[in-house]
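The region 'Disordered' annotation in TrEMBL covers 1-28. The transmembrane segment annotation in TrEMBL covers 115-138, 159-178, 190-215, 222-241, 261-283, 292-311, 323-343, 350-370, 382-401, 408-430, 453-475.
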Amino acid sequence: MMASPIDLERGEKSSPEPVQVTTATSSRASISISTTPLTESPVLDALRRINNRIEGLSGFEARGITRVLPEERKPASALADLQVFLFWFGANISANNMTTGLFGPLIFNLGFRDSVLCAVFGCFLGSASTAYMAMWGPCSGNRTMVVLRFFMGYWPSKFPCFLNLVLLVGYLTLNFIISGQILSAVSGGTMTIAVGIVIVTVVCWGVAVFGMFIFHAYERYAWIPQILVLFVLIGCAGPHFDSTLESAGDAATLAANRLSFLSLCFYVPNSWAATASDFYVYYPETTSKLKIFLLTLAGLFISFTLVYLLGIGLASGVGSNPAWAEAFAISTGSLIVGAFDGLADFGKFCGVIVALGLIANSIPGAYAAALDVQVLGRYGQAVPRWVWTSIIVVIELVLALAGRDNLLVIFGNFLALMGYWIEIMIVIVLEEHLLFRWNRGFEWAKWEDKEHLPLGISALISFLAGWVGAILGMYQHLLEMGLPIIVTRLALAGSKDVDAQPHGQQQMVNTQNHNALSSLVVLSVRKALH
C-alpha cells in the first residue's frame with residue numbers, strides 16, 4: 001500500500017516508497033503502513049471511509065494533538081494578530097461571567113467601590129497568568145497539555161490533563177443550563193429549560209466539531225451583537241445601579257471579604273490557562289511571545305472587566321429595586337432578563353442574544369476537551385478529534401438535562417473541589433521556565449519521546465503537595481456537613497480569610513469557581529440562606 005499524498009492539515013507526509021511508521025504522524029495515535037495486505041472488517045472499513053469523507057470537508061480540521069510543524073503554520077498577518085484579541089474578548093463577554101460580579105455586593109457584602117477595585121485587580125492578575133500560558137502555543141506548535149509534558153513529564157502531566165477534562169465537561173454543562181434558564185425566562189416559561197439547553201448545545205456542537213478555523217471565524221464576529229446588547233443593558237439598567245452602596249462588617253470581616261472576592265475574580269480568567277496555547281498552534285514559530293502575551297491579556301482583561309462591572313452594578317441595585325429582587329429570587333438568568341424591563345419585546349430579543357452569547361464561551365472548551373482525551377493516551381489519540389468532540393457534547397447535553405434541577409448543585413460542588421490545580425500548574429511551569437531552564441531551550445519535536453521528556457517526579461510531588469495545601473486551607477465546615485451541601489473556597493494567602501467570614505457566608509463561598517459555576521453558587525446561597 002502506498003502512503004497517501006501530502007496532507008498538511010492532518011500532519012501527514014507522502015513517501016514514494018512503502019514505509020513502516022510506528023510513531024504518530026497524523027491526527028491518529030499510530031498508523032501502520034506496510035506492503036503486507038491487511039484484512040479488516042467491513043465495519044471498520046466503512047467507518048474509515050466515513051471519517052475520510054468528513055475530514056475532507058472544506059474548513060474541517062482533521063488534526064488532533066499532533067505537533068504543527070513550522071512549515072505548516074499560517075503566515076503572519078495583522079488579521080491573525082487581531083484575532084488573538086478578538087478571540088478572548090468575544091468568548092468572555094458572556095452572561096456566565098457577568099454573574100461573578102454579583103458576588104461582591106450580594107455574597108461578600110462589599111460596597112460598589114470595594115467590589116469594583118477587587119474585580120479589576122483580580123481580573124488583571126488572572127488574565128496575566130493565562131496570557132503567560134498562551135505564549136507557548138506559537139513557539140512550540142503543541143497544545144497546552146502537550147506543552148505541560150516538557151515541564152511535568154510524560155506521565156505526571158496526564159493527571160492535570162484528566163482534571164482539566166473533568167472541569168471542562170462540568171463547566172460547559174453548567175453553561176448550557178444557564179443558557180436554558182435565560183431562554184426560558186425570555187419566553188415567560190413557554191419554552192422549557194430543556195428546550196433551551198438543546199438549542200444551545202446543537203449550535204455549540206456544530207461549530208466546535210469543525211475545529212479551529214471555523215470556530216475562530218465564529219468568534220471573530222460573535223462579539224458584535226453581544227457588545228451591542230451589553231451597551232443596551234448599560235443604558236437600560238445603569239440608572240438603577242447604586243454606586244453609593246457601602247461595605248458592611250468589621251475590619252477583619254471586610255478584609256476577608258475583599259480578599260475572597262478578589263481571588264474569585266482572579267480565578268475565573270485564570271481558569272483558561274489550561275487551554276490557552278491550544279488556539280495558537282497554527283501561528284508562525286517566530287511570533288513574538290510578548291505580542292501574544294499582551295494581546296491575550298488585553299482581550300481577557302477588557303472583556304472580564306466589562307461584565308464584572310455590569311454584574312456588580314446589577315447586584316448593587318437588587319436591594320433597592322423590588323422588581324430585580326423578585327427576578328433574582330427566581331434565578332440569575334431571570335435577573336439579567338429583568339434588567340431589560342421597559343424595552344418590551346426588544347428587551348426579550350436582547351435576552352435571547354445574551355443567552356446565545358454563551359455559545360461563544362462554550363465552543364473553545366468543547367474543542368479543548370476533545371484534545372485532552374487524546375493527550376491521555378494512545379487509544380484516545382487513535383480516535384479522531386471530531387468524534388471526541390461529538391461524544392463530549394452529548395455527555396454535556398445529558399448532564400445538563402439531568403442536572404437542570406437537582407443534580408446542578410451536587411455536580412457544581414464536586415467541580416469546586418477540583419479547581420485548585422490550575423494555579424499550582426502555572427507555578428510549576430514558571431519555576432521550571434525561569435529557574436531551572438532559563439538558559440536552555442526545548443526540543444518541541446520530541447513531544448512524544450518518553451526518553452527525552454523529564455521523569456517529572458519532583459513536579460508530581462509538588463503538584464500533589466500543593467493540592468493538599470489547598471484542601472487544608474478550605475473552610476472546615478466542608479468536613480462537617482459533607483460535599484453535596486457546601487461549596488468550599490480557597491484563599492490565595494491561606495485560610496485566614498475563611499476564618500474571618502461570618503458563619504452564614506462561610507458556608508457558601510467558593511473562590512475557585514469558573515464561569516457558569518458562579519451562577520450555581522448564587523443559587524446555592526439563596527437556597528441555604530432561605
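Each Cβ is built from the backbone N, Cα and C atoms, and glycine gets one as well.
In TrEMBL, annotation is done automatically, which means it is predicted and not curated.
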Selection from 159-178, 222-241, 350-370, the stretch that has most Cβ pairs under 8 A to the transmembrane segment (453-475): 159-178
Result, the transmembrane segment (115-138) in contact with the transmembrane segment (261-283) (3+ CB pairs under 8 Å): yes
Any contact, the transmembrane segment (115-138) to the transmembrane segment (292-311), with at least 3 Cβ pairs under 8 A: yes
Contact set, same chain, for the transmembrane segment (190-215): CB under 8 Å, 6 or more residues outside the stretch: 57, 59-63, 172, 175-177, 179-184, 279, 282, 355-356, 358-359, 362-364, 366-367, 370, 385-386, 389-390, 393, 396-397, 400-401, 404
Stretch in 159-178, 222-241, 323-343, 350-370 most in contact with the transmembrane segment (292-311), if contact is a CB pair under 8 A: 222-241
Considering the transmembrane segment (323-343), which listed stretch of 159-178, 222-241, 350-370 counts the most C-beta pairs under 8 Å: 222-241
Beyond the flanks of the transmembrane segment (350-370) by at least 6 residues, Cβ under 8 Å: 87, 90-97, 143-144, 164-165, 168-169, 171-172, 175-176, 178-179, 182-183, 185-186, 196, 200, 203-205, 207-208, 211-212, 215, 218-219, 222-223, 225-226, 229, 232-233, 275, 278-279, 333, 336-337, 340, 343, 385-386, 388-389, 392-393, 396, 515-516
